[in-house]
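First comes the structure, then the notes that go with it.
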Amino acid sequence: MARRTFKEKRTLTLVAFSLRMFFMGVEYAVIFPSLWLYLKIFHVEYWYLGLVLSAYNMVGIISTILVGRLVDATRKVRFTGFLWNLAEISGNFIYSMPFWVGLPLIGRMIAGFGEGFISAMWGELARVTTREQRTRYFAILKGSNLLGAAVGPAFNLFLKPINFKIGPWPINFRTSPGFIMGLTWIVMTIFMLFTVSDLSWELRNNPDYQLLLEEPASKLKRKKKKPKHSLTTSKSPEKSPRPIDKEPQSTEKSPLAPREGVIPTSIPRSQKPLPDEDEKVENLPNETDTPHKNKGNPFESFDSTGSESEAEEALNIGETDNVTFRDALLDMFTKFHVIVLVYLLFFMYIIHTSLQGIAPLIAENMLLWNETQVSLLYTGWGLEIILVVVVIWLIAPKVSDRAILVCAVICGCCASAFFIVMSYAKRGSNLCLYSFIMTILLSGIGISVTVVTGRSLVSKHTKPENQGLVHAILTGFNRLAGLTGPIFGSSLYTRMVILGWILLTVKVIGLILVSIAYKKLKVEKTKKEVKN
């Protein structure tokens with residue numbers, strides 16, 4: 001059986017990650033609406049419902065940091081995913097056991113720990129994609145999660161008729177969501193074991209690997225250059241590099257022989273011309289001939305606005321075992337433009353979740369809608385966000401991330417303005433209806449675009465070796481926003497005018513900040529990329 005190429009491994013890994021994100025969205029959409037119905041059999045108070053809901057996110061914040069640090073250090077994504085999937089499996093099964101009031105809480109805490117693997121998925125994709133590819137890959141990942149959240153409520157229709165027992169364990173419409181999700185995570189775990197590869201681990205341990213296999217042949221050619229100096233004593237002029245598909249003349253094998261399916265550099269280091277600044281370097285240098293102490297970290301003063309090629313940015317992942325949480329924090333919060341991105345991601349998510357929380361109240365009290373209409377509202381909201389993600393995937397190669405992000409922030413400002421109009425409108429009027437619909441539509445565009453392009457830009461402006469922790473920090477902020485948003489929105493529901501002006505102020509501040517940081521958010525191409 002032929003070994004998989006690097007590109008095939010990456011595609012399968014993306015499929016596995018996307019499916020995992022899909023079922024995370026399904027789990028949220030299945031558990032969330034049925035939780036209170038389940039807890040009512042224990043005759044609990046309302047505060048216990050909030051405790052169970054918040055436990056999932058709170059444990060998830062801790063787990064994302066832990067898994068991000070672990071994967072950054074080891075790059076063992078497949079094994080880490082296996083362990084964290086076990087938490088998802090056990091957590092959902094424990095949740096579905098109605099034998100004690102504490103079991104649903106414990107189950108959601110354990111499942112929340114398993115949800116922390118999301119930071120490893122974001123970080124791994126950031127390390128094995130180039131800057132041009134990354135936004136599209138992130139769009140696929142986030143779109144899968146949103147698709148799961150959109151179609152998840154439909155799963156409850158199939159779970160409602162379930163009614164059987166496993167010994168004393170009743171599986172009915174209250175407990176079946178957790179039980180079915182436990183079975184689903186078992187299948188997902190087996191699938192991931194066969195499809196996920198430790199891609200960044202292979203890149204780190206095989207310095208001859210080449211990542212950009214799908215680039216056009218014209219981009220893989222080097223200019224014929226005379227070397228400025230050579231590591232050998234030969235003084236004869238260098239010839240142009242041989243094609244990458246030929247075997248090197250030397251019969252001595254490298255201790256780090258590249259695996260099949262990934263194109264290695266075929267020229268020994270001593271025979272390679274040194275690239276000029278305007279050349280796009282597509283190959284990793286052979287580090288076996290260079291003493292370890294002489295290897296410098298090219299990201300020591302990393303700035304993605306410079307002229308370093310995206311191949312170097314994606315592949316130079318040398319010494320990463322000493323990455324710490326402090327390194328990731330400094331990498332993010334010592335750069336103004338990255339702080340602006342974190343601000344946007346955090347507050348856009350707070351605003352989105354606060355609107356999600358009060359939308360049913362607005363629909364019922366101000367628009368006089370019934371439950372079916374509210375359900376259709378949420379379904380349409382989810383489908384709209386998925387459509388926006390698809391549009392991002394299509395336009396990402398042609399439009400810069402920062403330009404797309406500015407459009408998202410403007411949409412967010414407009415959504416807040418329509419919310420203010422709605423708060424002044426008469427109950428049941430057409431103005432109230434239209435302003436509410438515009439608020440929902442524009443906020444959906446704002447959050448979906450910000451999540452995809454914002455994460456992509458953060459990954460492009462931070463070091464590759466920190467990606468696991470960086471995305472763990474971002475996920476932690478998202479979880480914190482997910483806890484804060486509904487509380488913030490519901491507490492100010494009776495003062496909607498004040499709520500609207502707060503939302504608009506936060507959005508306008510974000511627009512001002514992103515305008516100030518706009519130039520620094522640019523990820524410049526090399527001179528050779530511009531020529532091509």
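The backbone N, Cα and C atoms fix where each Cβ goes, and this holds for glycine too.
Note that this is a predicted model, so its numbers are computed, not measured.
Going by TrEMBL, these are the annotated features:
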- 12-34: transmembrane segment (TRANSMEM)
- 46-67: transmembrane segment (TRANSMEM)
- 137-159: transmembrane segment (TRANSMEM)
- 179-196: transmembrane segment (TRANSMEM)
- 220-315: region 'Disordered' (REGION)
- 220-229: compositional bias 'Basic residues' (COMPBIAS)
- 236-250: compositional bias 'Basic and acidic residues' (COMPBIAS)
- 336-355: transmembrane segment (TRANSMEM)
- 375-396: transmembrane segment (TRANSMEM)
- 403-425: transmembrane segment (TRANSMEM)
- 431-457: transmembrane segment (TRANSMEM)
- 469-492: transmembrane segment (TRANSMEM)
- 498-518: transmembrane segment (TRANSMEM)
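Here the listed stretches are 336-355, 403-425, 431-457, 469-492, and the one with the most C-beta pairs under 8 angstroms to the transmembrane segment (46-67) is 469-492. Spatially, the transmembrane segment (431-457) is not adjacent to the transmembrane segment (12-34); fewer than three Cβ-Cβ distances between them are under 8 Å for residues at least 6 apart in sequence. Between the transmembrane segment (137-159) and the transmembrane segment (469-492), the number of CB pairs under 8 angstroms, six or more residues apart, is fewer than three, so the stretches are not in contact. Between the transmembrane segment (403-425) and the stretches 336-355, 375-396, 469-492, 498-518, it is 498-518 that has the most C-beta pairs under 8 angstroms. Counting Cβ pairs under 8 Å that are 6 or more residues apart, the transmembrane segment (469-492) and the transmembrane segment (12-34) reach fewer than 3 and are not in contact. By the Cβ criterion (distance under 8 Å, sequence gap of 6 or more), the transmembrane segment (498-518) is not counted as touching the transmembrane segment (12-34), fewer than 3 such pairs being found.
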